[in-house]
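Please read the structure below before turning to the comments.
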Amino acid sequence: MGDNDGRTPLSWAAQNGHEAVIQLLLDKGADTESKDKRSGWTPLSWAAQNGHDAVVQLLLHKGAAIDAKNNDGWTPLSWAAQNGHEAVVQLLLDRGAAIDAKGNDNRTPLSWAAKNGHEAVVQLLLHKGAAIDAKNNNDWTSLSWAAQNGHEAVVQLLLDKGADTESKDKLGWTPLSWAAHYGHKAVVQLLLDKGADTESKDKKFGWTPLSWAAHYGRKAVVQLLLDKGAAAENGH
């Protein structure tokens, strides 16, 4: 029997990492698959999201569904990756979690880790064979997310593993477009060193990375792009 939101004592204990309490509840037959009404989270989702690796281990030992999805289609691995919980990610992968499980938005665990700059988790997922160029509903790749958010170390990891520098999202933006737009000089440099196209244009305006950098006053990025031969008269 859950509370008004369908949350059970096991759910609350899992969220807060109370290992001994969880053991007691499991010994009394608590349901590992109970989902709350609001978001459809299982106790394993709560434990994974909050990085409680000992609790994750307990729940998995009791047969908790490793790839149970919440209402957004996210698995425990998605949550652990999103929040940078390396030990939990390792546990879930070792137990056979679907490495490229996609939510309703088609986001993979790798894309979440890349967006949030969790270098160790990105490295782990790549080592385990995660699909590096998987796209979400807007055709963003993990490299797009990392570049937009300026995560230099993650961008380097992805590029070293062969991520596509020219992948375009539905707006026609490349990772270089995003990095230039937000003024992430180090990321722009990495992408240019990998041969990223300085003349790629978005669909709506026909702007190049140089156009975006100039528009937002990203002087250092403008200089980098010009030094790489970007056309000063291109774009808007």
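Cβ atoms are placed via backbone N, Cα and C, with glycine included.
Model, not experiment: these values are computed from the prediction.
Taken verbatim from TrEMBL:
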type	residues	note
REPEAT	5-37	repeat 'ANK'
REPEAT	39-71	repeat 'ANK'
REPEAT	72-104	repeat 'ANK'
REPEAT	105-137	repeat 'ANK'
REPEAT	138-170	repeat 'ANK'
REPEAT	171-203	repeat 'ANK'
REPEAT	205-236	repeat 'ANK'
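When DSSP labels each residue, the repeat 'ANK' (138-170) comes out as 16 helix, 0 strand, 17 coil, counted as helix, strand and coil in that order. Residues 43-44, 46-47, 49-50, 52, 54-55, 58-59, 62-65, 68, 70 of the same chain lie 6 or more positions beyond the ends of the repeat 'ANK' (5-37) yet place their CB under 8 Å from a CB of it. When the repeat 'ANK' (39-71) is classified with DSSP, helix, strand and coil residues number 16 helix, 0 strand, 17 coil. Residue counts for the repeat 'ANK' (5-37) under DSSP (helix as H, G, I; strand as E, B; rest coil) come to 17 helix, 0 strand, 16 coil.
Sequence-distant contacts of the repeat 'ANK' (105-137) (same chain, at least 6 residues past either end, Cβ-Cβ under 8 Å): 72-75, 77-78, 80-86, 89-90, 93, 99, 143, 145-146, 148-149, 151, 153-154, 157-158, 161-164, 167, 169.
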